[in-house]
Amino acid sequence: MFVQMCMQLYLPADAIQTNIHNFCILRVIWRVFGISSGCVAFVMALERYIALAKPFFYHKYVTDNLIRKSIFILWGIGAFITFLPLFGFGVYYDERKKTCARYRSATEPMDVAYAYLFFIVGTLLCVGIVICNLSVRKVLYQSHRKMCRQFGSIKPTPMLNRSMSQTPKSSSFTDSNIMRMFNEPTTEEIRFAKLMTVLSVFFLICWLPQMISIILLQQLSAAMKLKLSWVFRVSDILILVHFMLDPYIYVLLKKSRRSDLRTMIRYMFSRNQRFNIVDAALSPMQKSTNSSPLP
């Protein structure tokens, strides 16, 4: 997209006018990447919600292969809808003016129908992302409150207090084990949920103005369109920002997944050693219990 913009700026006018139709086709093709980004964000947000809200269903039915298939299916649907103007349903090229045309500025009935179709698809993605992320936040908040209530109601026995006072290091680990017993989301799950929220908010900020501009351009008069021209320019700038920063955000997401995997591996390998520490801390209590005479 950046190369195409530079070519249209610096190539001779005759060369641009000769190949203007090809440039318009490329603009339609670049639009696929924006829709595919929303599809990935929606699938990942839905996956996070199922993993936190329905953990047993998630571990039984949701696999990496299923997630990949879902992403590719949504990509296919998004690509099909995006490429419809190349087959006559929707506008992308003005034959009379010999220039590229925006789908949101359509005037013919078929082209207007495509503009509304694109608006519906984009809005559904935005609404789905918002619902999934709000649901994830709600699940995390409820899990945290449940853990606090249950953890606060635990009162250790005097014998357990004496054992913990003798081994303060093992008591902190015992507390963390108790937190795990109450199905509290792990640090990795919370970190990934926060990152997904950032990714989804970024998509919404960049795409919602573009969806709103479709309705405005179809419903407002020509005079109002001139007054609100700055709104349309802002929506175009936000889409440009989305295309520029979206790859970097996915690189950040990939690095976060790798870090979470390394953390889980370290936890698995150090788990046996930690349980040995807990056994050593509880052994004096077991000995005193076994040596006490029966009544």
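Positions of Cβ are set from backbone N, Cα and C atoms, glycine also.
What TrEMBL records for 28-50 (among others) is transmembrane segment.
The domain 'G-protein coupled receptors family 1 profile' annotation in TrEMBL covers 43-250.
Residues annotated as transmembrane segment in TrEMBL: 71-93 (among others).
Same-chain residues lying 6+ beyond the ends of the transmembrane segment (113-136) with a Cβ under 8 Å from its Cβ atoms: 35, 38-39, 41-42, 45-46, 48-49, 52-53, 78, 81, 84-85, 89-91, 103-104, 106, 193, 196-197, 200-201, 203-204, 207-208, 210-211, 214-215, 218. Per TrEMBL, the feature transmembrane segment maps to 113-136 (among others).
Non-local neighbours of the transmembrane segment (195-218) in the same chain are 34, 37-38, 41, 44-45, 48, 104-106, 112, 115-116, 118-119, 122-123, 125-126, 129-130, 132-133, 136-137, 225, 228, 231-232, 234-236, 238-239, 241-242, 245-246, 249, 252-253, 256; each lies 6+ residues outside the stretch with a CB under 8 Å from one of its CB atoms. Residues or ranges marked as transmembrane segment by TrEMBL: 195-218 (among others).
Annotation source TrEMBL lists transmembrane segment at 230-253 (among others).
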